[in-house]
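To keep things clear, I will list the structure first and then write my remarks on it.
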Ligand SMILES: Nc1ncnc2c1ncn2[C@@H]1O[C@H](COP(=O)(O)OP(=O)(O)O)[C@@H](O)[C@H]1O
């Protein structure tokens with residue numbers, strides 16, 4: 001079973017990477033890029049076969065390790 | 001208009017971050033994590049309003065800057 | 001305007017007598033913006049209200065001291081027309097909540113204190129205390145703090161050359177992260193923060209302001225409790241890349257004669273920087289807050305005054321130099337905005353799209369902040385150890401193995417290898433010796449640097465422990481062949497409202513003062529961090545000392561490694 | 001020899017390498033700002049270490065698109081020598097002047113310490129003052145030094161003698177223990193096909209002065225000064 005976790009900075013938290021990418025895109029001549037935010041995507045392959053159990057386990061992984069909940073939000077997607 | 005870019009390592013490219021996460025999860029007592037791959041997600045807010053033009057422009061950004069195609073694949077999603 | 005409710009006043013950390021003083025100063029009730037400003041200015045962190053009385057007892061002068069406590073950092077003459085600018089500062093609470101970013105922004109803050117004064121930073125050090133090695137959080141905290149210090153310092157390109165680490169259960173819920181920066185400037189080109197010149201423009205440079213750490217300065221002074229985990233204040237994220245650009249841009253502008261005064265926006269951001277600059281210069285200020293570069297939409301004057309966004313500076317320029325300055329900051333890709341001017345009113349007038357949102361007298365706020373003579377009890381001198389009651393002496397081999405395996409003695413290589421300790425090409429003595437030695441660029445002279453404190457001594461007897469920390473710093477500098485010149489300190493203690501804790505603080509100050517006096521080793525800068533307690537459990541009293549000395553010839557520096565077989569080992573001292 | 005050091009926003013070893021160049025050539029290199037496209041005529045272009053653009057996104061990725069880089073590539077094509085150290089190596093791979101990519105260190109930690117390198121190629125303007133298979137000691141200081149390329153590319157590099165340096169033990173063995181960052185085949189530095197572009201993660205400029213604890217980096221600069229003498 002596969003799980004995908006998106007970890008993104010909370011709203012209002014400074015994103016230095018996004019800021020730098022935005023200005024680099026401007027430098028490359030891409031106009032009209034109003035905001036850039038950079039996050040992580042983590043793809044997990046799990047032995048678990050029950051979607052609900054998988055979700056519960058991945059949510060726990062997010063809280064304990066994958067996301068830094070002080071500054072980051074996370075979203076879990078489970079696919080068969 | 002918003003665009004989301006997923007940048008992930010190509011198959012066969014060793015992913016030190018994913019491997020470290022996998023072993024850390026094991027250390028935390030999560031069993032049955034068979035593989036972990038870590039990538040980036042970049043969210044762009046664009047002035048462009050035409051989805052096709054937006055996609056073309058973001059694909060170009062990926063080729064020129066956002067992804068290193070020696071080791072990375074990318075996927076672009078455009079939403080209203 | 002509606003008067004703030006008691007709840008709102010309490011949430012701003014002002015007690016009843018303090019609020020009464022606010023009413024007395026204003027002759028009316030404050031609005032929310034004004035209340036926020038009072039709360040920040042009178043927080044323990046900014047006002048030193050519990051510690052001021054005792055800090056004044058530390059010796060701060062010597063013929064080579066150019067500037068002692070009171071500015072962004074201390075300044076000493078190191079000969080050859082050069083000055084060393086240095087200070088240590090704590091980022092304890094933020095680092096416990098988010099170790100990487102907390103430690104990283106701590107490094108960023110202390111760097112700004114130093115380059116604000118016109119010095120190019122040449123070395124970073126740190127003094128760290130963690131809980132017991134087997135406490136479940138310790139590993140994560142150590143890894144995060146070390147990575148954060150490296151992540152910031154390595155990127156800005158200032159070598160992290162030394163530091164110290166201890167482990168003790170008293171720090172389980174309250175780690176200490178003290179960061180020190182040393183910079184070098186021409187002795188006659190030091191920049192100060194006193195504003196001058198009616199009509200001169202007040203200029204904002206660096207990063208945009210966001211809603212970072214609103215209330216962080218008050219948080220840093222409030223005792224930690226179990227639900228701090230829940231409240232999770234907005235942690236600031238550091239941007240070392242912007243800091244690097246800010247260093248280069250500021251030093252480039254400082255090479256011209258455009259700057260009248262400059263101050264970094266540290267804790268309490270725009271509030272404390274503007275009040276301090278105005279108060280030191282006896283000036284008034286008008287700021288148009290709508291001109292402040294903003295990162296988010298919908299920000300309010302309250303948020304702009306209290307934001308702790310990093311990598312920002314405030315300057316007063318000479319008239320007509322705006323374009324020179326703007327050109328330099330734009331070249332480095334940094335924000336630049338003229339946000340106000342100096343007046344002779346002695347008042348801080350803040351406007352928002354033309355409307356006045358705060359109007360406060362500057363000196364009463366900045367200078368008449370509360371000063372407490374907190375009750376304290378002396379820590380009694382410990383009874384001599386009863387030798388008979390000690391466990392039997394282990395074999396020498398076993399004793400040695402125990403010592404070497406102790407977390408307080410074990411090699412710190414794992415830590416310093418994560419710090420770039422060689423960038424700038426002048427680290428002639430790397431971490432691992434008694435003191436780091438950094439060559440003064442382009443010469444054969446050098447600075448020796450160390451941080452020291454043994455908290456268990458300080459707990460046993462704060463006065464001896466404080467004196468010992470100073471003496472150890474002095475010895476470490478002497479051991480590499482340097483002439484010790486001056487110290488910076490970081491006083492980390494528990495809740496000063498408890499007489500025993502206040503007694504520890506007083507004792508440590510007495511010991512430090514005596515040692516500094518005896519050694520002619522004055523305190524030129526420092527920082528105080530109080531309320532380091534979790535659930536009523538205080539940390540060990542930890543007056544961290546950062547020492548600086550000078551070597552006339554780095555080729556004659558002494559190092560710790562044994563050089564050749566057959567040489568004699570000599571024990572000196574008693 | 002005239003050298004230019006390209007200064008990117010976030011470069012922080014630009015001054016360090018200038019010191020080594022001055023020691024080897026007797027004069028100061030040109031410090032050239034990345035946004036300035038008019039690059040003077042020089043014999044050597046140096047891309048220094050540091051954190052260009054904060055190393056955000058990927059190390060060296062944004063600097064690879066700096067305005068001056070088009071000219072740097074054109075000069076490289078004409079045979080002008082280009083040296084990329086640490087972040088400079090990352091920029092060279094990102095802009096395609098060298099193959100492969102520098103990934104995050106296997107330990108995921110920044111690593112700053114001396115390492116041993118075996119000099120694998122001495123027929124270049126950079127390495128002519130080393131002896132074949134000489135083992136030298138120089139520091140590394142990086143977070144992203146894990147050299148990766150596909151096996152075919154690695155075979156090609158090895159077949160053409162384009163691996164300039166490998167991480168080894170003090171006795172010259174390219175063991176796993178001697179590899180500080182997980183680089184494929186212990187590769188620490190690679191050359192372009194015409195052998196005029198060198199990228200390496202270790203910092204020769206940091207041990208080119210006896211007061212800093214060693215001089216094994218100095219021959220690289222003296223070799224450049226001699227080979228590229230006008
Ligand atoms: N323990 C101390 N010993 C000596 N001076 C101190 C001490 N703590 C603070 N100071 C001095 O008080 C002044 C204000 O410090 P602080 O508020 O920490 O500076 P900043 O404006 O950088 O936050 C500084 O000049 C500092 O050197």
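Cβ atoms here come from the backbone N, Cα and C positions, even for glycine.
The model shown is predicted, which means the values in this text are computed figures rather than measured ones.
So that you can see what the record holds, here are the features copied from TrEMBL:
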ACT_SITE  D:86  active site, nucleophile
ACT_SITE  D:203  active site
ACT_SITE  D:205  active site
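Sequence features annotated in TrEMBL and their locations in the structure.
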residue : record                   : Cβ neighbours (10 Å)
D:86    : active site, nucleophile : 31
D:203   : active site              : 27
D:205   : active site              : 30
- Item | Length of the line joining the Cα atoms of residue D:205 (active site) and residue D:86 (active site, nucleophile), in Å | 11
- residue D:205 (active site), DSSP three-state class -> helix
- Do me a favour and check the Cα-Cα span between residue D:203 (active site) and residue D:86 (active site, nucleophile); whole Å is fine. 7
